[in-house]
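**Q** What follows is a single structure, and I will ask about it in a moment.
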Amino acid sequence: MEGIKQLLSSNIRKFGMIIALVGIVLLFQVLTNGILLKPLNVTNIIMQNSYIIVLSIGMMLVIITGEIDLSVGSVAAFVGAVAGVLLVSWELPVIVGILLCLVLGAIIGAWQGFWIAFVNIPAFIVTLAGMLIFRGLTLVVLDGKTIAPFPDGFRSLSSSFVPDLFGGSGGELQLFTIVIGIALSIVYVLSEIKLRRTDTKYEFKTLSYPLFIIKLILFIALINVFTYVLASYEGIPYVLIVLAVLITGYTFVMNKTVIGRHIYAVGGNANAAQLSGVKTKKMKFWVFVNMGVLSALCGIIFAGRLNAATPQAGNLFELDAIAAAVIGGASFTGGVGTVFGAVIGALVMGVLNNGMSLMGIGIDWQQAIKGLVLLAAVAFDVLNKNK
Amino acid sequence: MNETILEMKEITKTFPGVTALSDVNLIVRPGEIHALIGENGAGKSTLMKVLSGVHPYGTYEGDITFEEKACQFKNINESEERGIVIIHQELALIPELSIAENIFLGNEQAKKGVINWNETIIETRQLLKKVGLKLDPQEKIKNIGVGQQQLVEIAKALSKKVKLLILDEPTAALNEEDSENLLELLLEFKEQGMTSIMISHKLKELLKVSNSITVLRDGQTIQTYHAKDGEITESQIIKDMVGRDLSNLFPERNHNVKDNIVFEIKNWSAYHPINSERQILHDINVHVKQGEIIGIAGLMGAGRTELAMSVFGKSYGRRITGQLFRNGKEVFFKSVDDAIKNGVAYVSEDRKEYGLILIDSVKNNLTLANLDRLANKNVIDSSEEVVEAESIKSKINIKAPTIHQKTLNLSGGNQQKVVLGKWIFTDPDVLILDEPTRGIDVGAKFEIYKLINELAEQGKSIIMISSELPELIGMCDRIYTLNEGKITGDIDKNEANQETLMTYMTHSWRS
């Protein structure tokens, strides 16, 4: 019992966000008479928020280093516009177009990273300038017009589903998705067992055996309920695979690698990191390059989903991404935050949007309520820390 | 002088999980300088925070009486109204504001919200005169030295009609000369009838100026001494502070100095990073042998830290010239990483700003400078990391509940051990230690000294920079003196004493 208590109190922040998310989901499930968690709507929530989740992962890294990026919305719009020109006007192959867009994102990130890391101009200024520059360039590239429609291959990234490889067409359940769920469960159990073995080998404290089993069952249930819900609609969207890869990839980098530790160190205390041999400037530079690439990916997904490159794309995305990171536990003083937290933060905002839309609440009140939630989340965190 | 100006009676203060003070009694008589002494974590600062209302009435038990009236301060304003003013260890001045603005910050000379600047300046001038500062009241704080800043803090306290002045480690950041000035000033105030309480780790200065000394240990009052009752000895106080005898302030070392020169700095010069015309270091030559501890003595501003940082991966200065040799072979440190790879470590004088990531755990701080040792293709073996961190923690006796504790919550001495541990983990051959015992208590100092000795006995070479001359004399085989960016002396252990060192340290070579 003591162990559980300690586990809870030491992870109050992480669990706090998850509890908040679950609470919001349950609230809207009731308020919308059960529409929220219908398979169609769950799939919708994922697809609607995919591009914000992509951005908030990058934003989380930026905020962990103690910086900020206000330009991501404009960069996403600019890359979407360039994608329109490359794929629609010039009719380049889809893969080539996407790769060129990602490289463009990296170059933009490098441009901003250069001023921030090596010339020491505050990120706020550099990216505020970037916000204007790339919004302007979007208009230049598009000549103020909308380019549409995109080829099918480009759209599938953001709006298609993995086909049922087991040929089940027209069935109630997509068998392939269920199989994926089972496969994931097996991978999960195996990795947990491996982890437990290492911990035992090193004589670290582990969960008691019954608790361990309960934890396994809980997570297996969670994975399979989720895939079951997806299977009841059209199966797994391609964009979910992209998200899964990004989330696991970035979580791994941040927790397990030297690069991740150095990013946290730069944000925690740049002077101390510098004197410990961390290349702080390089680190900041690459975090912005990374942000550029993810902004580009966001732009691609968004343009695909809209099936058009428009001058207004990506408006206020930067604020959604920052809000997601902050709700997810980032601190503006740097050094704190997790990739997982950013995803939870983005989902909190996403479910709020979706739930309120389902209830027919107008966009005016939605904005106001989202603002209050952001403030409440941070206030809760600050008060909790002062206790 | 048997009356009492302040009485704190049976003060008990608990934080979640810790009792910081238990039944502490403190009696201060009017017009005296009362010293409060104890190891870090003994409860001195907590006691002063209770007194000044930082910990408001109701969050502690016990009674406080000041000038025969009970005190129930809810905040620091209420205590200041009664004339109790505290000057914290970390100076609380705003660098971009002028001296006058800082002194009257929160207490502006204003009518209906409009500041009377003439009045402010005139008042400031008088206050500065009282503390013996000849400065323009409109000078910005960032342009004056730390010693002068400390005096401005005192002037600020005077502006509040102070009756009881509390100084928390007033001389910690000062060099010997500035400390001396400050102590003189305190004695002068005493003559004028002001009462002060002074917290310090420097026993010598306390013994010199104070009338009474109260020793705290582990949140309890151990003893109060009065100067008039006879001689107070340093050893007696140390014994009270640590609860044991420290027969010698400096532990014994098996001298194991080999003849080979492990690290050599040759003709090293550097210029100021912003004002690139100003030369900070002039043709410096320093060498250290295997197993040797050398000292670098110099007054503040002599260029000690600048020397260390410019050598350590060009972390300071511009237009750096000169050569570095490791075991006779020339090496180039373009970055900190190069220095670490060549077996050189640098422990900064400012562990909070340059040594630790305070919001991070003991473990992550310990391994930060050498993560490659734990990583395979960039991926950290987290189990191995825990094992290594645990082993350092127990080896150098870092007192923390677990290695996952944030370093923010450790005492100064333990923080310093974490910084040392971090560099021990890089397995260096040369350690440059910049003020390794600054702001830590006697017991922890002794442990740090022991650690340094052990490193030397293992054959590592130590370059020790310190403001405390006794420390250098007690620890080093050889001491270089530095003045105005130039080496002015290279003195053997046997010839080193405070007078000689001071002579060389102040020997001006420019004329």
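In case you wondered, yes, glycine gets a Cβ from its N, Cα and C as well.
Just lifted these from TrEMBL, have a look:
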| type | residues | note |
| --- | --- | --- |
| TRANSMEM | A:15-36 | transmembrane segment |
| TRANSMEM | A:42-63 | transmembrane segment |
| TRANSMEM | A:94-114 | transmembrane segment |
| TRANSMEM | A:121-142 | transmembrane segment |
| TRANSMEM | A:173-191 | transmembrane segment |
| TRANSMEM | A:212-230 | transmembrane segment |
| TRANSMEM | A:236-253 | transmembrane segment |
| TRANSMEM | A:285-303 | transmembrane segment |
| TRANSMEM | A:323-352 | transmembrane segment |
**Q** Restricting to CB pairs under 8 Å, which listed stretch, A:94-114, A:173-191, A:236-253, A:285-303, A:323-352, is in contact most with the transmembrane segment (A:15-36)?
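**A** Selected stretch: A:323-352, with the most Cβ pairs under 8 Å.
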**Q** Which listed range (A:121-142, A:173-191, A:212-230, A:285-303, A:323-352) shows the maximal number of Cβ pairs under 8 Å with respect to the transmembrane segment (A:94-114)?
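**A** Comparing A:121-142, A:173-191, A:212-230, A:285-303, A:323-352 against the transmembrane segment (A:94-114), the winner is A:285-303.
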**Q** For the transmembrane segment (A:212-230), which stretch among A:121-142, A:173-191, A:236-253, A:285-303, A:323-352 has the most Cβ pairs under 8 A?
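**A** Against the transmembrane segment (A:212-230), the leading stretch is A:173-191.
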**Q** Hey, does the transmembrane segment (A:323-352) touch the transmembrane segment (A:236-253), meaning at least 3 C-beta pairs closer than 8 angstroms, sequence gap 6 or more?
**A** yes
**Q** May I ask for the residues of the chain that lie six or more residues beyond the transmembrane segment (A:285-303) and have a Cβ under 8 Å from a Cβ within it?
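**A** Sequence-remote neighbours of the transmembrane segment (A:285-303) are 50-52, 54-55, 57-59, 61-62, 65, 67, 69, 71-72, 75-80, 83-84, 98, 101-102, 104-110, 112-114, 116-118, 123, 150, 154, 157-158, 239, 242, 246, 263, 309, 313-314, 317.
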